[in-house]
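Engineer: So that we are looking at the same thing, I have put the structure below in structure tokens.
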Amino acid sequence: MLLIHCPYCDETLPEAEFTYAGQAHVIRHPEPSSQTDQEWEEFLFIRENVKGDHFERWRHFHGCGRYFNAVRNTVSDKFLTTYKAGAPRPQLSDLKEGGE
Amino acid sequence: MSLYRVAGKGRVTTAKPVSFSFDGRTYKGLEGDTVASALLANGVHLMGRSFKYHRPRGPVAAGSEEPNALIGTRRGPGRFEPNTRATVQEIWDGLQVTSQNKYPSLKFDIGAVNDAAYMLFSAGFYYKTFMWPKSFWHKVYEPFIRAAAGLGVSPTEEDPDTYASRNMHCDLLIVGAGPTGLAAARAAAMDGLKVVVVDENPEAGGSLLSEPQVQINGQSAWDWLSGELDALQELGVKVMTRTTAIGYYHQNMIGLCEKVTDHLAVLPEDTPRERMWRVRAKQVVLAQGALEKPLVFNGNDRPGVMLAGSAQTYLNRYGVLVGKQPVILTSHDSAWHAAFDLHDAGAKVQAIVDTRDSVNEALQKEARDRGIPVKLSHTATGTSGRLRVKSLRVNPVSGATVGAGYNIACDAVLMSGGWTPSLHLFSHTKGSLAWDDDRTTFLPKETPEDCVIAGASRGLWGVAAALMDGAEKGRAVVAALGKKANVQDYSVEVDRAGSGVSHKELPTDQNPGKAKAFIDFQNDVTAKDVRLAVREGMRSIEHVKRYTTTGMATDQGKMSNINGLNIAADALGKKQPEVGLTTFRPPYTPTTFGAFAGYHRGDHFEVVRKTQIDSWAEENGAVFEPVGQWRRAWYFPKSGEDMDAAVRRECAATRASVGIFDASTLGKIEVVGPDAVEFMNRMYTNPWTKLAPGRCRYGLLLGDDGYIRDDGVIGRLSQDRFHVTTTTGGAARVLNMMEDYLQTEWPELNVWLTSTSEQWSTIALNGPNAAKLLQPLVDGVELTEEAFPHMSCIECTVAGLPARLFRVSFTGEIGFEVNVPAPYGRQLWEALWDAGQQYDITAYGTETMHVLRAEKGYIIVGQDTDGTVTPYDAGMGWAVGKKKPDFVGMRGLARPDLVAEGRKHLVGLLTEDHSKLEEGAQIVFDKNQPIPMTMVGHVTSSYDVGTTGRPIALALVEGGHDKVGDTVYIPMPDRTIAAKITDTVFYDPENNRLKIGSGV
Ligand SMILES: [Zn+2]
């Protein structure tokens, strides 16, 4: 069972408290009507299938209830970092220098 | 004393005889025996029949890796367990043991005909033999395979035992209490470090238990062991025996299964049979040791053929000679010591047959001193004996030439093909492995976890090496924990570290295509099967494994994988690492469902959610149905009524006077805040800005793909407060979706969302007399068409209780939903029930609710929609706000596929012959078209006669809205039913009955 750090609670807690919520940084355009069919298709359906470091969302469901973002390696299942929703997408190179 | 018991040997208690039964016959063993050691002490080797060929089998090992000696154990009703390894199960007075996979008896088994027909069962036999004709599969092949091949039978009674689940946090977990693990524990045993050592055996010691001759620090191994365990206990180290580390999971979480009572004659009160531990350790030392490899030769599975190291264990740990005239067959030094130990205990060792042409002179001298014949450069090409080995056929080998064979009479063959490090838990960590040519095995390399692997499990043989490496690795993890380790020196004598060579199948002078040289004993896979798989095109070991099933039995190939790999690599002409090793998966040994389930059984397996009114329904004879986790009253039969009759009566009574319904399970979400109306505008299709406080509206929720996700009536209680209802099953999903949009797309909106599903008890009153019944109980509002019209809501008092009162209808009748704080639910129900007696009030359940709503064409999301239905498909375009700039799903509704012609529409269906359709039945336009027909939709809801006088159905049909009046066909197995497409509203299409005082 993974241990996951909630950036809102600032606690590292068992995976069972969290739910996965799909790829991160998929932004819903503020004016959807302005979107072409292809743009809307990409927003709705097109997702990455990363072997490696993946930007994804989790929700601290059985805790504070907040959605947050994470970078997890899909091969090792290790979390490189977690950060609050709305925070900028971190640079992978920064994470690796300071990380493990 | 039993026939094969050796006085003065072993750790069993001679003074404590134990009596148990095997296949109905009583045997005597000693306290400390396993079923296998006790039976071997009685001269019994035949303990089971093999999986495919029903070949007679005896134990080949002495520990948890045993593939052959699988038994059933019984302790009274419900306490039967199949596929237990006889080498692990400890005996106790009264234990009942049965052999498996035999008919009619172990000694004479009819299924052994499979053995003669072995060509049928060769590699890939499932794929080839039974492919054609298809219809034979169910009738002939599958019953044949099921009857002929298999392990034990499942118990049929409920398990009366309890199983516990525990968590543990520690600084250091050590897996394996052999010399390596104990030395690591000693290095770390100190104040301030929580150190735990686990071992699957009943006692700690590992290989020391089988090697009493070793001297450690001037003491005999067993004296040292006992002193060391005392010292560790003194230092606060927790040693858990009968505890298997079954799996290594992420971030140093290790699963342990502790067997608590299986070895006890009398079950203690209030004690679980097993405990599943979830351990989170800061550091882990893996010291699982090594497993001995069998040699692969014709007839290597006959009872009496076993691993040399195991024979040594039976002798030294249990005081049992596995044979009195054993022959040794080996490619490794370690088996020579087994020969010497058995000789010294009184056995007449027939010969030591070694495949190597040169062996350490000291060993040869020891053999000569004991008068044991030695045969180097030999191979083995066969065994004889029906139920027990009688002779071993050996041949001299010179270069590539196998000379003439001759037989050596014996009553046991003790083989050794060398040792394989136990890498199971290390591999669970996704640790990488490196091929080691010298030892012909994989060794551990790197792991992403905070874990080290030590001793024999990284290829170091002998007690001295184990102790040194354990101490060194122990010091390393203690340093990683920020402490200074204890330093302990070990001097070891009479150690037996040896070396050897590794083989594929042994060379033979006979037709290798006819050899029954087993690799995987439990799944009956031979060397020939693996070579056949390679010839037939399997290139990866993963394919060879699946094609032959080698390594796929309950022992997971502990003994067989490396032999399988060596032979596959040889057949492919590749190096082993290019062929690869199959993946080790948890659990390490078979683990009971009980241990995994723990407390989650019976009522604790899944929560049953009950409303406050559930007890009234139960007292009044309701039949219940599960809806999600909820238990809901389905219908309320009077005596003699079946469901159809009860539902017809409930429907009629509601339409004629008044019905009462428990709607408490409806999902409820409170949407509050200055931006609540803006949030509602963005979430739901409908416009909310102009909805006045005190009014409600039917709300439709889509996904951004444009498909219907949920629906429900939503009341605006004040400018900044909405009472949102959702479907019963959708409450959590809808709140999750709302939170997602609020938190991540529109964080600027000032809105709070609160789940209130369980805060309110909700009671629905429907029928022409509903207002008359309710009015005298209501304070704060007149229930008239003017003061409180259809789709109104208000906070008021009902029967003296604070209430939120909604005027809504899910039946087409005058309807109210009264919400009171949940605990008052039953009080309100009874008040309404009493007040309703003068109107012959009728309680109805979910079935009547469904019929009444279907008669009005009200949809149920998830039944009449399936995640691909738009509001327009459902005929609910009226619920979509046309002037809003955006809402979830608005852009989705404009997608090309969603505006295309020919979409499926929700319509009504009336059958011509007045029969009831089946929900899910497929619909076609042309009943005379050839099969396979073109299906154009399906029935989503269907009900027997309600109040319209005939069965009705809703269906999704291609272009259905343009086909009202057409006839479609529903082909069923026995006939084809014709039905007419209609509007979805079957009853009171003008909605006259919704009005108070309309006089209907
Ligand atoms: Zn949190």
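Placed from the backbone N, Cα and C atoms, the Cβ positions cover glycine too.
Per TrEMBL, the feature region 'Disordered' maps to B:59-79. According to TrEMBL, the feature domain 'FAD/NAD(P)-binding' maps to B:171-437. The domain 'SoxA A3' feature in TrEMBL is assigned to B:515-598. Residues annotated as domain 'GCVT N-terminal' in TrEMBL: B:615-884. Look at TrEMBL and you will find B:904-988 tagged as domain 'Aminomethyltransferase C-terminal'.
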Engineer: Give the nonlocal contacts of the region 'Disordered' (B:59-79) in its own chain as ranges (CB under 8 Å, at least six residues past its ends).
Structural biologist: 22, 34-37, 40, 45, 47-48, 50, 85-89, 94-101, 151-153, 155, 157-161, 200-201, 244, 262, 267, 291-292, 294, 301, 305-307, 309-310, 313-314, 317, 520-522, 553-555, 558-560, 588-589
Engineer: Just give the helix, strand and coil counts over the domain 'SoxA A3' (B:515-598), going by DSSP.
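Structural biologist: Output for the domain 'SoxA A3' (B:515-598) reads 38 helix, 6 strand, 40 coil.
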Engineer: Which of B:171-437, B:515-598, B:904-988 has the most Cβ pairs closer than 8 Å to the domain 'GCVT N-terminal' (B:615-884)?
Structural biologist: B:904-988
Engineer: Tell me, what is the mean pLDDT of the domain 'Aminomethyltransferase C-terminal' (B:904-988)?
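Structural biologist: Mean pLDDT for the domain 'Aminomethyltransferase C-terminal' (B:904-988): 95.
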Engineer: Using DSSP, break the domain 'Aminomethyltransferase C-terminal' (B:904-988) down into helix, strand and coil residues and give each count.
Structural biologist: 3 helix, 37 strand, 45 coil
Engineer: Please list the DSSP helix, strand and coil residue counts for the region 'Disordered' (B:59-79).
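Structural biologist: Once the DSSP states are binned, the region 'Disordered' (B:59-79) shows 0 helix, 5 strand, 16 coil.
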